[in-house]
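Quick look at what TrEMBL lists:
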{"type": "DOMAIN", "residues": "28-279", "note": "domain 'Protein kinase'"}
{"type": "BINDING", "residues": "Leu34, Gly35, Lys36, Gly37, Gly38, Cys39, Gly40, Ser41, Val42, Lys57, Glu110, Asp117", "note": "ATP binding site"}
{"type": "ACT_SITE", "residues": "Asp157", "note": "active site, proton acceptor"}
Amino acid sequence: MDKDSAKKTMNCSSPALKRERAEFEAKYQQHDLLGKGGCGSVFAGYRKVDNLPVAIKHVPNDKILSKHVNGISMEVIVMLKLAAKSEGTSAPVSLLDWYKLKQELILVLERPIPAEDLLDHINTNGGPLDEEEAKVILKQLIDAAIDLEDKHIFHRDIKLQNILIETSSDIPRVRLIDFGLSCFVKKRSSYYVFLGTEPPPEHQDDGVYRAGPTTVFQMGIVLFDMLHTGSFETTKFFANRQRISNYLSKKCQDFLRTSLNRDPYQRPTLKQLRSHPWL
């Protein structure tokens with residue numbers, strides 16, 4: 001942890017908290033609401049000194065799901081680790097600033113412009129994407145997931161709404177957002193309480209799941225949602241009430257069947273998935 005982070009951990013007195021609020025208000029201008037979820041709200045904003053677009057995330061203290069041993073939000077710890085790379089050069093959006101206040105945590109994040117989340121990108125397209133565009137997006141997403149895995153980080157909630165698509169060039173660029181459920185993992189760690197949106201079947205079947213197979217399953221869900229009308233639902237899919245489209249290429253169908261395998265031990269690793277013939 002850097003010195004500023006350590007300093008923020010210690011400065012929890014009321015005057016210090018007031019200074020944090022004043023510093024935030026002096027540096028940033030907050031504008032319209034971008035989105036609201038179970039863990040907080042995100043607003044558009046600007047850094048006053050240079051008009052840099054930012055996203056400002058407010059997380060009430062009682063909504064912070066996991067904290068590091070020193071009391072700092074795990075989301076902050078994870079993003080500080082990811083911030084080793086220069087701003088804007090990695091798939092995860094960069095954490096620019098954070099403020100620990102009496103009733104909430106404020107995160108100031110990079111806000112790519114122009115960009116839209118993948119769900120909006122699909123809707124802008126008028127429906128499911130073609131295979132080639134989906135392939136461009138998924139390659140980048142798997143690369144980002146491999147990078148997180150190499151850093152021992154489990155995002156836990158990779159879904160359309162947590163994937164930003166930068167649209168400033170002909171080739172869409174993928175950015176990952178919302179690390180509010182993320183954590184650090186040890187090899188073969190198991191989890192019992194599901195945090196996320198769509199649980200993998202092993203959690204429904206056995207009440208346990210692991211980072212690697214779950215992330216691979218999420219890659220399959222994202223691809224399914226890009227190529228089909230309607231959102232993937234684990235229960236429906238394994239009850240044969242939701243099927244992989246026969247209109248997709250055979251290799252694409254195989255990619256989906258492989259990544260969405262009911263047995264987590266039969267799913268490929270992320271690195272094996274990246275080498276699938278469809279990609």
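Positions of Cβ are set from backbone N, Cα and C atoms, glycine also.
Remember, predicted model here, so these are calculated numbers, not experimental data.
Where TrEMBL records a feature, it is marked here on the structure.
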residue : record                       : DSSP (3 states)
Leu34   : ATP binding site             : strand
Gly40   : ATP binding site             : strand
Glu110  : ATP binding site             : strand
Asp157  : active site, proton acceptor : coil
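Geometry remark: Leu34 (ATP binding site) versus Asp157 (active site, proton acceptor), CA distance 19 Å. Confidence in the domain 'Protein kinase' (28-279), given as mean pLDDT, stands at 94. Minimal Cβ crowding within 10 Å, among the binding-site residues Gly38, Gly40, is found at Gly38. Of all residue pairs in Leu34, Gly35, Lys36, Gly37, Gly38, Cys39, Gly40, Ser41, Val42, Lys57, Glu110, Asp117, the annotated binders of ATP, the farthest apart have Cα atoms separated by 21 Å.
Across the structure, Gly38 (ATP binding site) and the residue listed as 'active site, proton acceptor' are spaced 13 Å apart at their Cα atoms. A straight line from the CA of the residue listed as 'active site, proton acceptor' to the CA of Lys36 (ATP binding site) spans 16 Å. There are 19 other CB atoms within 10 A of the CB of Asp157 (active site, proton acceptor), with all protein chains counted.
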